[in-house]
Amino acid sequence: MTTTRESAETHTTSGAARLLPGAPVADAIFAEVAAAVARLRDRGITPSLATILVGDDDASAGYIGIKQRQAAALGFASPHVHLPATVTQADLHRAIARFNTDPAVHGLLVQYPVPGHLDYDAALQTIDPDKDVDGMHPLNMGRLAVGLPGPLPCTPAGIEALLAHHEIPVAGREVVILGRGATLGRPLAMLLAQKRPTANAAVTVVHTGVPDWARYTRRADILVAAAGVPGIVQPEHVKPGAVVIGAGVRYAGRRLLPDVDEACAEVAGAITPRVGGVGPTTVAMLFRNAVRATERATR
Ligand SMILES: NC(=O)c1ccc[n+]([C@@H]2O[C@H](COP(=O)([O-])OP(=O)(O)OC[C@H]3O[C@@H](n4cnc5c(N)ncnc54)[C@H](OP(=O)(O)O)[C@@H]3O)[C@@H](O)[C@H]2O)c1
């Protein structure tokens, strides 16, 4: 029903889609996190989100900086370890183990990517699943699959929150996700198919094994681009009036190249902006995972 209303609103005025920014969604989540932090502090508990950075990649250091500033703003402690690019896998696992066993640390992340000689997935598997604020540990993927509580993968959870915040109905509607990657498409499909008012959708996942994937995207009420292929989603792949969520991106240096071509805004009923759509909700979900991990650890 909202799609019809949205199409009517947009196509009778400018012919362009309603924008779905992530910032107000993130602000609402941060407000919820700040209230939970205040309750913890009343009990004498300071939530703590630890970070590990390996190497000297500028972009990764920048992301860590954003997370540390957000941690400070929300009243989190944010212990940090910066390991040299030459570190061994065993050194990285030892740094993770120290945070795993520190009861004052409630959440932990290793900034992705790590230098090529290191195995990020192997490192991820050594993180205490209850401290895994990225929600990417295999145990947490399993919890998601069977519907047990635990940290949720941040970008998929952020997309569900973004749709809910902007009052896009999801339940009973056809969601098509382009991409089945482990960080995005696959967990998002599990999340949006769950029995919950903000999910409960008919979800289809398409990928390189489905050469005629456009046949599916063209019938989607909600289309999520999660391929990491710049410009892969063109206006002809979008049903008129549909909701389009651009989550897949690639970087050429600092330049962001989204999956969704800007011209899709002329066909969609609602669409995430080129910059400031899914990204802010991902960061907010990291802190929601961290504060919930603190609550669970200190019950
Ligand atoms: N905005 C954010 O905060 C955020 C967070 C996390 C990830 N991301 C972005 O989301 C994207 C996906 O991440 P990921 O880790 O899930 O990536 P991934 O593991 O590389 O998965 C990409 C998926 O897209 C599919 N695909 C690629 N090219 C295709 C094509 N030409 N036709 C049809 N399907 C195609 C692949 O199909 P196959 O499985 O058949 O190979 C695969 O399932 C990346 O761009 C990443 O940067 C964004």
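The backbone N, Cα and C atoms fix where each Cβ goes, and this holds for glycine too.
TrEMBL has this to say about the protein:
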{"type": "BINDING", "residues": "Gly179, Arg180, Gly181, Val249", "note": "NADP(+) binding site"}
{"type": "DOMAIN", "residues": "21-134", "note": "domain 'Tetrahydrofolate dehydrogenase/cyclohydrolase catalytic'"}
{"type": "DOMAIN", "residues": "153-296", "note": "domain 'Tetrahydrofolate dehydrogenase/cyclohydrolase NAD(P)-binding'"}
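TrEMBL feature annotations superimposed on the structure.
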| residue | record | contacts (Cβ under 8 Å, 6+ apart) |
| --- | --- | --- |
| Gly179 | NADP(+) binding site | Gly185, Val205, His207, Ala225, Ala226, Ala227, Gly228, Gly248 |
| Arg180 | NADP(+) binding site | Arg186, Ala189, Val205, His207 |
| Gly181 | NADP(+) binding site | Ala226, Gly228 |
| Val249 | NADP(+) binding site | Gly228, Pro230, Leu256, Leu257, Pro258, Asp259 |
Checklist entry - Roughly how wide, in whole Å, is the group Gly179, Arg180, Gly181, Val249 that binds NADP(+), by largest Cα to Cα distance? => result 14
Checklist entry - Which whole number is the mean pLDDT over the domain 'Tetrahydrofolate dehydrogenase/cyclohydrolase catalytic' (21-134)? => result 97
Checklist entry - Within the domain 'Tetrahydrofolate dehydrogenase/cyclohydrolase catalytic' (21-134), how many residues are helix, strand or coil going by DSSP? => result 58 helix, 17 strand, 39 coil
Item to check | Residue distribution over DSSP helix, strand and coil in the domain 'Tetrahydrofolate dehydrogenase/cyclohydrolase NAD(P)-binding' (153-296) | outcome: 51 helix, 30 strand, 63 coil
